Amino acid sequence: MKAQPKASHFIGGAFVEDKAGKPPPVIYPATDEEIASLYSATPGIIEAAYAAALKAQGEWAALKPVERGRILRRTAEILREKNRKLSKLETLDTGKALQETLVADAASAADALEFFGGIISGFNGEFVELGGSFAYTRREALGICVGIGAWNYPIQIAAWKSAPALAMGNAFIFKPSENTPLSALALAEAYKEAGLPDGLFNVVQGYGDVGAALVNHRLTAKVSLTGSVPTGRRIMAQAGEQLKHVTMELGGKSPLIVFDDADLESAIGGAMLGNFYSTGQVCSNGTRVFVHKNIRERFIERLVERTRKIRIGDPFDEATQMGPLISAAQRDKVLSYIKKGKAEGATLACGGGVPKLQGFDKGFFIEPTVFADVTDTMTIAREEIFGPVMSVLEFSDEDEVIARANDSEFGLAAGVFTADLSRGHHVIGQIKAGTCWINAYNLTPVEVPFGGYKQSGIGRENGIAALAHYSQIKTVYVEMGKVDSPY
């Protein structure tokens with residue numbers, strides 16, 4: 001099973017190779033089989049990407065916004081036309097079940113391109129009347145923007161970052177995770193097919209040193225990262241030394257609160273989506289599930305029953321509901337957290353082991369895991385695990401659960417399940433998190449902003465807000481009379 005691209009990098013509208021770079025192997029997580037071999041970007045590759053971006057950006061920014069938007073919308077159409085092919089590529093690259101990638105990856109990328117391509121012509125500055133004279137503002141491109149992606153949603157992240165950047169008239173250089181380098185190249189081909197001028201979307205592969213080179217490059221105007229909090233701190237410090245714009249979409253340990261009047265099946269479904277989708281490798285997951293004491297036993301009993309029915313196996317079988325984790329290292333990390341949870345006194349309600357799957361004995365699979373009797377101070381309730389491990393905590397009243405939910409360095413997301421919408425709005429209003437749901441979880445339409453509070457990030461992806469993060473404001477004062485000067 002191979003998925004070797006034409007070359008490692010895409011620069012100036014063409015595939016480019018330089019075999020002097022360190023070769024990161026591309027592994028299919030379900031079998032531990034190498035499916036492609038790419039080369040990390042050398043300094044020459046990086047400089048070529050900036051030269052191509054610099055050459056193209058000025059003319060692109062000068063185009064009418066509606067013309068830029070037309071190309072983005074055409075790219076969205078191409079992604080939808082090729083959705084099954086792209087979804088299979090994403091499944092190979094990530095190990096995620098095809099059942100998921102068909103609806104959540106290239107499809108979401110297309111949604112972002114269509115959205116930003118449609119609204120950019122209406123994203124304008126302000127006019128201010130000043131008693132005869134007036135002022136106006138212009139939204140202008142930043143220049144060359146850099147995106148650094150994560151391995152859980154490769155093509156989605158590449159589009160979520162590049163679509164608003166390109167819509168605003170910027171050029172874009174994207175570095176995928178070294179674990180999942182393939183689909184960003186497919187997105188580059190789609191942009192090319194749609195008519196995007198050469199040099200505006202470039203892909204360079206590599207490890208953290210390549211990302212650091214992009215962040216520190218003198219021509220980089222903005223950096224957008226999806227990654228861990230430690231990586232975000234490091235990149236933000238580097239960018240801050242040169243006062244570069246940043247968007248940081250980082251980790252979380254989000255609370256999901258279930259009151260005793262909630263629809264039990266919906267709440268359980270939301271908790272499962274918020275812990276087991278993409279094998280738990282979602283930054284916004286609601287991994288601290290607070291359940292009211294009156295329904296705790298019923299909730300856990302039904303949760304365990306439904307969790308044990310999750311189908312784990314061949315990611316290309318569309319009946320499969322959960323694939324493997326991204327790597328052996330990630331599987332071992334998750335297993336270490338499960339071990340720690342048991343050692344600290346949490347009750348293992350189900351899962352916790354490595355399933356035996358015929359034909360996939362070398363894959364990085366793990367059982368969906370539920371812990372009960374979890375307390376706020378346990379490691380599994382404090383640290384981001386990034387795997388299918390749910391912690392169920394009991395609470396008694398509203399004020400208590402709000403305080404406990406907020407007792408975290410993270411603030412990416414939160415959810416509330418209740419039949420009382422007034423209470424739902426009140427609780428969400430008190431939660432310190434940037435992306436919240438009432439009677440739902442982990443739904444992320446591109447029309448609304450996505451991002452976090454506290455250590456979970458700065459700036460926003462998606463929604464009209466994203467355009468503001470890829471632009472700068474110019475204020476112009478126009479005097480309609482003579483200059484009144486005391487000199």
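Keep in mind that glycine also has a Cβ here, set from the backbone N, Cα and C atoms.
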Problem - Given Swiss-Prot lists GLY149, ALA150, TRP151, LYS175, PRO176, SER177, GLU178, SER228, VAL229, PRO230, THR231, GLY251, CYS283 for NAD(+), the same-site residue among GLU59, GLU383, GLU384 - result: GLU384
Practice task
Output, ordered by sequence, the same-chain residues six or more apart from ILE27 (K(+) 1 binding site) with a CB under 8 Å from its CB, or 'none'.
Solution key: GLU33, GLU34, ILE35, ASN179, SER327
Fill in the blank from the handout: Note: among binding-site residues VAL229, LEU243, CYS283, least Cβ-dense neighbourhood at 10 Å is LEU243
Completion exercise
Within 10 Å of LYS161 (active site, charge relay system) (Cα basis), scanning recorded positions GLY149, GLU178, GLU461, I find GLY149, GLU461
Completion exercise
Same-chain residues at least 6 positions away from GLU178 (NAD(+) binding site) with a Cβ under 8 Å from its Cβ, in sequence order, are PRO24, SER40, GLN205, GLY206, TYR207
Practice task
Can you figure out which of LEU243, GLU249, GLY457, GLU461 (the recorded positions) comes closest in space to PRO176 (NAD(+) binding site), comparing Cα atoms?
Solution key: GLU249
Fill in the blank from the handout: Other C-beta atoms within 10 angstroms of the C-beta of GLY457 (K(+) 2 binding site) total 30
